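Shown next, in structure tokens, is the structure this report addresses.
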Protein chains: 2
Amino acid sequence: MEFTFLGTSAGTPTRARNVTALALQHGGPRHWYLVDCGEGTQHQLLRTRLSVVQLQAIFITHVHGDHTFGLPGLLTSASMAGRTTPLPLIGPPQLKPFIETILANTDSSLSFELLYINSEADDFQWQDDALRVTSFPLSHRVPCHAYRFEELRLERKLLTERLKADGVKPGPEWGRLQKGHDVILADGTLVRATDYTEIPRSPRRVVVAGDNDNPDLLTDACQDAHLLVHEATYTQEVADRVGPWPQHSSARQVAAFARKAGLPHLILTHFSSRYQAAGTRGPVIDEITTEARESYTGNLHLARDFQRFRLDRDLTLTEVDE
Amino acid sequence: MEFTFLGTSAGTPTRARNVTALALQHGGPRHWYLVDCGEGTQHQLLRTRLSVVQLQAIFITHVHGDHTFGLPGLLTSASMAGRTTPLPLIGPPQLKPFIETILANTDSSLSFELLYINSEADDFQWQDDALRVTSFPLSHRVPCHAYRFEELRLERKLLTERLKADGVKPGPEWGRLQKGHDVILADGTLVRATDYTEIPRSPRRVVVAGDNDNPDLLTDACQDAHLLVHEATYTQEVADRVGPWPQHSSARQVAAFARKAGLPHLILTHFSSRYQAAGTRGPVIDEITTEARESYTGNLHLARDFQRFRLDRDLTLTEVDE
């Protein structure tokens, strides 16, 4: 399971950071999912190996432009690239009039079906072969959600000693059992996969949050989760100066929550454009790191554009060098 | 009068070229105008000295996404940058529902008034203190226009010998006359600016065309013009292979027109993404140069992203190195 940060700036792009988008790779060769789609996401993708043709679904946390204005270009470019596979677009119900009005007024059409799925519905849940996705409401100026991704179809381990003991000989049946299928032997005996295989690990669980000023709302979502990706727009000092109106989190708030929730891995993103690289004027991003480390002692990262992370089956999170 | 190409690719962005946008600087310190606004135009601006706060007007040639999808982000970022000056948005009438629906569905609002002006109206003409702009219909899959920019308020030269001969002595009156104002002397004599000044040069005239498969439609627009900026999406050979449906021009068509129209300067742009830099696979952009030079012998350029040109008062066009 891999994560590529395509944009890590809040509100407006900077020269070093685009507005929000995150790619999650999982479930098949080059299969991937997109969470949020700020303007220029299709441009960022040109610098990765990800193709809109293999995109499995788009998840939008909320309607603000820095999370959605890249949708029309990404979708019409997928069309020009010849995509025909239907594409689920999961998010607030406003996405439908937003996309449809743009297409209608710009003489645009899509070569594939766009499946609008309302993430704000009470019974929202979505899954495909590889992932089950649930949503959790957050606190922001507009309805906003976190998405929790839990992997499905974990690889089974054959209990070979038990198979041999019960007289099931090595052969194609072992392969089918390992895939989770029950088999019937030549002598008519039914052999159940659940009796002769085990799943020796936990499914990986990841929560990707949208904009939010109350991380405690993620207590249930982060139950048993291994990684939280959450905004930390500024430090507490800046948050206090700005006031509560924007409804964003400080690094301190998120770090305190992550500690309390016992999260092993935390990636912060969505930084105010006032944070620049060290050596330039204005506050520096290291202030956010320092503040987060004051309360969170787990595996902490502050995302940069194009940074990639891998959450392995053994639940370690490592940065991937390209 | 300066031109900065912010995007020179047709349809979709490439790693080297963004989709269409062109900045025209004229008429005041940092005053500038934008023609077309593909996705990522605000990102390109971050790499120039141009600010959305000093943007005087936006001109859109037609509604296709590679010329318009950057508008929502550019406008909301201008808002976040604190713009309060009203902004004329000149283009097809679909821009109004396009922008208004996006703003309404993304909880966005603008801190300044957006003045929608229909460039398809029969009596369309727009001017400010510095420029007069007229539009000319083109031939494309949707209504599309070229904009002709003609400079206003040319600097006057004082006819000093005549002033002295008629007894008008050097002083503040000379300054006012040079600005085009009539003055009344201490003895009550009316001195007219038109009698004692002259405008020793032609106004600069530039035509920036949108997508178009029939350059001859620009015959009137290019009458007395000094520079034409026109798409040359591909060579004639590729155009023949693609067929007439996209309704774009080949380099050969545009070059033949520019020669016939006697245009001193021609800048080609809006190249198909199939053209890559020399050394890569696929056709190379030099094929477009070669084809254009076969019939056009004037000052020819193929625009690159961030390339800047200056059209001087003496009507020379030069590339500006930064």
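Note: Cβ is positioned from N, Cα and C throughout, glycine not excepted.
Some features that TrEMBL has for this protein:
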BINDING   A:H62, A:H64, A:H140, A:D211  Zn(2+) 1 binding site
BINDING   A:D66, A:H67, A:D211, A:H270  Zn(2+) 2 binding site
ACT_SITE  A:D66  active site, proton acceptor
Cα separation, A:H270 (Zn(2+) 2 binding site) to A:D211 (Zn(2+) 1 binding site) (Å, whole number): 8
Check: same-chain CB within 8 A of Zn(2+) 2 site center, minus A:D66, A:H67, A:D211, A:H270: A:A10, A:G11, A:V19, A:T20, A:D36, A:G38, A:T61, A:H62, A:H64, A:G210, A:E231
Binding-site residues satisfying Cβ distance under 8 Å to any chain B Cβ, from A:H64, A:H140, A:D211, A:H270: A:H64
Residue pair A:H62 (Zn(2+) 1 binding site), A:H270 (Zn(2+) 2 binding site) - Cα distance, angstrom, rounded: 14
For A:H67 (Zn(2+) 2 binding site): DSSP state (helix, strand, coil): helix
Per DSSP, three-state class assigned to A:H140 (Zn(2+) 1 binding site): coil
Other CB atoms, at most 10 A from the CB of A:H270 (Zn(2+) 2 binding site): 28
Between A:H270 (Zn(2+) 2 binding site) and A:H64 (Zn(2+) 1 binding site): CA-CA distance (Å): 13
Per DSSP, three-state class assigned to A:H270 (Zn(2+) 2 binding site): coil
